Amino acid sequence: MPTFGSFSLLLALALSGYTLLAGAVALRQLATGARARVTPEKLAETARRAGIGSFVATTAAAFALVWAAFNNDFSVAYILHHSNRALPGPYKFAALWSGQEGSLLLWAWLLAAYGFVLRLRHKVDVKLTAYASTILAGIQVFFLLLLNFAAMPFSLVGGTVPQDGFGLNPLLQYPEMVIHPPMLYLGYVGFAVPFAFALGALMMRYPGEKWIHITRRWTMVTWLFLTCGIFLGAHWAYSVLGWGGYWGWDPVENASLMPWLTGTAFLHSVMMQEKRGMMKTWNVWLIFSTFMLAIFGTLLTRSGLVSSVHAFAQSSIGSWFWAFLIIVLSVCLFTFILQRDHLKADNKLESLVSRESSFLFNNLVLLAACFTVLWGTLFPVLSEYVQGNRVTVGAPFYNRVAVPIGLFLLFLTGIGPLLAWRSSSFKSIRKNFVLPCIAGLVAAVVVIVCGVHPWEIFTTDGQGSFYAFFAFVLAAMVVTAISAEFLRGAGVISRHTGQGLLASMVQLTRRNTRRYGGYIVHFGVVVIFIGIAGSAFNQSKEQELGFKESLNIGPYRLECQSYSQDSNANYDTEFALLDVYRGGKKITQLAPEKRFYIASQQPSTMVANHSTLAWDLYVIYAGKNPDTGQPIIKVFLNPLVAWIWIGVAIIVFGTGVALFPNMTAALAASRNRVQSAAVADALPARGGD
Amino acid sequence: MRRISVISRVLMVVLVAVLTMGAADNATRYNELGHKMMCACGCGQILIECNHLGCPDSDRMLGELRTSLSQGGNDESILAAFQEKYGPTILAAPMLTKFNILAWIMPPILLLLGIAGTMVLVRRWRLRTAALPPVQRSVQFQGIRDRIHRETEL
């Protein structure tokens, strides 16, 4: 099987190389009109088919690696280092992306899969798809070169093959690890598609904005995958790392956030290009940057440029990524310089108080957030270069610098949709803003009465209450603004059709799925902000708990019922059984544990969490007192965390709605199809060409 | 003049009261300082959050922090002492010194410059845009406008 895998990778490289070369030659012939023995159309078609073939070959290679994992083929070095016999089946499957070589193979396979779908759907626009296919093949060649010559997943173990593997990193032995990396990679890799279309459209001086229509769904789906990947990662960190938080501003977390921020900016500003023919250069560079940041994120993870808790993925292939990044940047710059006259805007901004300018400011803030994350991630390297010593740029920096930017963004999320295109009159601003402002004031009073005092920033060192106060107030304003938009539209439909308000809202959403799906996504973002604001009021307590001893935190009392140890083929475990009481009534039993994985000889925390809408009771088995043999239990009371995951679910729903075609468009399309069919039936059959 | 003096004294008293109000006790300071430092073991976690089994450093460092607090040192001197002992990477964020100040000021400066630049750009564009001819407000047109207002309530 390793031989089959290696051969498949070589074949995939050859086929991708052919797609790149033949595609480039065909497109050059088409552009210059040069005559050749094989027509450019035929050559492009062979390139397309080779691209499809490369997907089959890459799939075969990925299958070979998974097969080797499931069959405990420890002659393959990658399987030896990332699996063992006792590893449960799903984690053997996850071994595909648990290490350097495997995760690069996953990159290549997902890229090939995206390319496969794109090439199958080439009739959407044959020429533009040919450009995009060729560019994607170029990216694919890079990853396949890496897999064939620098990070080979099918390398064999020298000498005697060990009977068992070294096992999977314990931190990765958690159900979400089976889905989090593929989601993240689907997001990272997916941005290659709008990037390829944008670069292709610029190369061929594509007339109009149709390329945006073609790539809209690609971009949204990719963005959704990246969003889910990031939050699955946050949930994994929360559930596995056991430090009571979900985001540690680790360089690798930052690496996933940067393309998300620029991708979000692109999703917004691209609407300006569609509707008003503006910001063409900006949009092209946004999608270029998004793709390059995705590559840069991978470079950060792999090269060891910055220190990270994700150190398991570091190696020396950083130079390959640097070279690739420089090539991509050069191609983008060269194409832009050659074709920049094609990107002249059709219109210009007419007012600072307009929908267009709100998009522009939203983009600025998103880019500022991206810069902050990038700056904070790279500052230690810069400091070492300038001062001769590294500094750490961790959570306190981001809390002070990035959080205010995030709150400004939340503010813009609320006011943007209330402004009219081109220019907003004072009357309409007053009319649209009165209700959200009242809601904000009411929220401010309620929040202060509930004990959130923003002025505490002057008396203590923590900024938590200050930021939380503004997050709650802005959230109230944005939710009111979004609700008012829905209610106003639904009210009009309700009066004209006699439908109930809820049915009218559904109809309203179906009439303009993109707009109202977008509002739902914004609502999800607000809910996430509320959840994050709760972290300002986290409490924690650590205590040694003997039999029948208890610990009080917030409204909860935890009583130790027993503590013991156990073991199985995969790990040894120590755990405590804790009864949780609230108001004197037992509500649940929690069992935090500490595992020690035998194959990898590494420990891992298994957090016990009782989650409610108000707060999470998050319990960790911190260890055992060597003198008494009793467990040390650490408890966190984390308010509002559940709302973060609810917010993500709302974002997924909203994006799903926005991906649906509008009701009127769908009806028109089906009407057109019926009419075309009727016309085709009525026409006499003609000779084919 | 006397009134100004009284007001300024009252303001001073209020300011001092606000700044010293609820001055952090040792438990709060322990928590805050513990969040301003990293664990020295290389795990990349905030000192007070470091929880990995058998960490050789976090318990000892937290003990040192408790001792420093009980000895009455202020936050700056405690952080400086830890930095002296463990190196600059022990601080979770750069201090506001020399080159490190760049870490803090660059993002807000860039954002403000971006906003200012955008405002200037929009203003220039608006000045360059030729004034549109006045809209013909015929009776029929006004009727359509009124109907749109009625039906959409916008």
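The backbone N, Cα and C atoms fix where each Cβ goes, glycine too.
TrEMBL: automatically predicted annotations, no manual curation.
Taken straight from TrEMBL:
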TRANSMEM  A:6-27  transmembrane segment
DOMAIN    A:97-303  domain 'Cytochrome c assembly protein'
TRANSMEM  A:104-121  transmembrane segment
TRANSMEM  A:128-151  transmembrane segment
TRANSMEM  A:185-206  transmembrane segment
TRANSMEM  A:218-237  transmembrane segment
TRANSMEM  A:284-305  transmembrane segment
TRANSMEM  A:317-338  transmembrane segment
DOMAIN    A:323-659  domain 'Cytochrome c-type biogenesis protein CcmF C-terminal'
TRANSMEM  A:401-421  transmembrane segment
TRANSMEM  A:433-455  transmembrane segment
TRANSMEM  A:467-487  transmembrane segment
TRANSMEM  A:516-537  transmembrane segment
TRANSMEM  A:640-661  transmembrane segment
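Same-chain neighbours of the transmembrane segment (A:640-661): 217, 220-221, 223-224, 227-228, 231, 234-235, 238, 246, 509-510, 513-514, 516-535, 611-616, 669, counting only residues six or more beyond its ends whose CB sits under 8 Å from a CB of the stretch. Only sequence-distant pairs (6 or more apart) were considered; of these, at least three Cβ pairs between the transmembrane segment (A:284-305) and the transmembrane segment (A:185-206) are under 8 A, so the stretches are in contact. A Cβ distance under 8 Å defines the sequence-distant neighbours of the transmembrane segment (A:401-421), meaning residues of its chain 6+ beyond its ends; these are 275-276, 353-359, 361-362, 365-366, 368-369, 372-373, 376, 428-429, 432-433, 436, 463, 467, 470-471, 474-475, 477-478, 481-482, 485, 518-519, 522, 525-526, 529. Residues 245, 406, 410, 413, 417, 452, 462, 464-465, 467-468, 471-472, 474-475, 478-479, 482, 485-486, 508-509, 615, 638-660 of the same chain lie 6+ residues outside the transmembrane segment (A:516-537) yet bring a C-beta within less than 8 angstroms of a C-beta in it. Of the two recorded stretches, the transmembrane segment (A:128-151) lies close to the transmembrane segment (A:104-121), with three or more CB pairs under 8 Å once pairs fewer than 6 apart in sequence are set aside. Distant neighbours of the transmembrane segment (A:467-487): 399, 403-404, 407, 410-411, 413-415, 417-418, 432, 435-440, 442-444, 447-448, 452-454, 501, 505, 508, 516, 519, 522-523, 526, 529-530, 532-534, 536-537; these residues of the same chain sit at least 6 beyond its ends, with a Cβ under 8 Å from one of its Cβ atoms.
On the 0 to 100 pLDDT scale, the model's mean across the domain 'Cytochrome c assembly protein' (A:97-303) is 88.
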